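Chemist: The annotation region 'Disordered' is assigned in TrEMBL to 1-34. Sequence annotations record features per position, and here TrEMBL assigns transmembrane segment to 53-75, 105-126, 138-160, 205-232, 238-271, 292-311, 391-411, 423-442.
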Amino acid sequence: MNHTQSQFSSSDEDTGTMTTAQQSAGRSHLSASSGNSLTMGPNLGASRHWRDVFWLGIFLLHLVLVGLALGVFGLNRYTKKDRLNIDQYTNGILDSQAGLTEDYWPIYAIAGAISTVIGWVWLLLLGSRSNQMMKISVHLLTTYLAVLSVLCFWGKLYFWGFAFAIGSGLQFLYIMSVIDRLPFTMLVLQGAVKMVWKLPEVMRVACAFMLVMLLWLALWSFGAAGVVASSIGDGGRWWLLVVFSVSLFWTGAVLCNTVHVIVSGMVFLVLVHGGREAASMPRNPVLKSLRYAVTTSFGSICYGSLFTAAIRTLRWEIRGFRSKIGNNECLLCCVDFLFHLVETLVRFFNKYAYVQIAVYGKSFNHSARDAWELFQSTGVEALIAYDCSGAVLLMGTLLGGLITGTCAVVLTRHKHWDREMMMGSTAILMGMVLVGLAMVVVESAVTSIYICYAEDPLLIHRWDPEFFNQMSETLHQRLQHRSARVREGLSQNRHTDQTQETI
C-alpha cells in the first residue's frame, strides 16, 4: 500500500508537470517573440570564479604521484632487470618469471594505435553512417561478449569466461528491456550527429584531446609494462594494475568531460544564437570555452568525473530491470528503494551539469541540482528517462575497448601467454578511454539539446522543426503514460482499502 501511495505521489507530480511544461512553452514563446531568448547564452566575456578548487588540487597531486610511480616501475625493468633495486623490498613475494619493460610496451603501443584508429573512424563516419554504427554498437556487443566467453572457456580461463558470459547476458536483458525505446534514442542521436557534424571545430577539439590522452598513455603504458614485467607475484601485479587502472579511468573521464564542457558550450551557443554564422555569435567561442574548461571550471570537471559515470550506469540498469518486474510487490519494493536512492544521487551527480558549467560557470553540485530541477519543473525528465542515448554510446565505447583488448591478448599470447589477461584487461581500458573521447562529442550535443529544450523549446523548433515536433509528441506520450500509471495505482489502492474494510 505504501508503494502504491509513493507511486501515486510521484506520478501526481508528473500530471502537474504537464501543465508546467505547457506554461513554460508559453513563456518561451513570449520571450522568443520579444527577442529575449538570446540572453540565455553564456557570457563568455565575463570573468568567472574558480570552482571546486579542492578537487582540482587532488587531481593534480594524483597525476604527479601516479606519474612518478609509473616512471619508477617502467625504468626499473627498462633494458635491465631491477635497474633501481626495487626487488629488495619485495623479497617475500618474488616471482622467478620476470621480464623487461620493452617486452610489453610495444604491445601497449599497438593497442593504443588500434583504439585511436577506431576512434577516428568513428568520428569520420559520424555524418554518413551514424545510424548504422549505432545499431552495430547495440547488436554486436552482445555477440562479441558471447564469443569472448566461449574462447575463454576453450582456453581454460574460466573466471574470464564466466565474466564475459554474465556480461553478455546482462547486455541482452538490457536490450530486451529497452527495445521499445530505441527508435526514439536513434532519433535523438541522429539529431545530435546532425548538430556536431556542422561544427568542424568540435571535431578538431576531440582529435586534439585524443592526442593529449595518447601522450599520457605513453607514460601510463610504460609504467604498466614495467609492472607486468616485474618480479612481484601475480597478486601484487594485479593490485598495482588495478590502482593504475583506477587512475587512468579518472584521468580519461576528466579529459572526456573537458571535451563535454567545450562542446556543450559551443552547441548551446549555436542553438541560442540561431546558427554558427549568426551575427550575434561571439568571436572564437571554442577557444573561450576551452580556456574556461581548463582553468576556472576544471575543478568541477575533476569532481564530477569521479562519480558521474558509475551512478549513470547503475541508474540505467535499475531502470531497465524495474520496467520488466511486473506485479511482484516484494521485488518491486526492493528495486524501488534502490531506484529512489540512485535518483537522489543523480540529483547531485548527472552529466547535464557539464552544460550548466559550460554556460554559467557554476560549481558541479550546483549545476547538477539546477539542471535536474529544470527538467523536473518542465516535465523533460520524463523524456530523459525514456532516452537511452547514453547507454548506446557506452556500448560503442565498450565494443571499441573489447576489440583493442582482444588484439592485445593475441599479440601477448605468442611469447608471454601467462601475462595475456593482464595485458588484455588493461588494453580494454585504454581502448575505452580513447574511443570514449570520440563518443563524448555526440553525448555533449545530446545533453545540450535537452537543456535548451527545457529552457526554451522554441530554440529547438527554430533549429529543426521536424525534430522538435517528434520530441514534443514523445514527451506528451510519456506524460500520458505516467498519468495512466497514476490512475492505475490509485484504482488499486482504493480496491485494496475497500477489501480491507469489508474484511
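Using N, Cα and C of the backbone, Cβ positions are placed for all residues, glycine too.
Describe the structural surroundings of these features, if you would.
Modeler: With a cut-off of 8 Å between Cβ atoms, the residues of this chain six or more beyond the transmembrane segment (53-75) that come close are 83-84, 86, 101, 105, 219-220, 222-227, 230, 240, 244, 247, 250-251, 254, 298-300, 302-303, 306.
Under 8 Å from some Cβ of the transmembrane segment (205-232) lie the Cβ atoms of residues 67, 69-78, 81-82, 86-87, 90, 93-96, 98-105, 107-109, 112, 116, 119-120, 123, 240-241, 244, 247-248, 251-252, 255, 258-259, 262-263, 286, 290, 419, 422-423, 426, 430, 433-434, 437-438, 440-441, all in the same chain and six or more residues away from its ends.
Listed as Cβ neighbours of the transmembrane segment (391-411) (distance under 8 Å, sequence separation of 6 or more from its ends, same chain) are residues 107-108, 110-111, 114-115, 118-119, 122, 133-134, 136-138, 140-141, 144-145, 148, 171, 174, 178, 182, 185, 189, 313, 316, 420-421, 423-432, 434-436, 439, 442-443.
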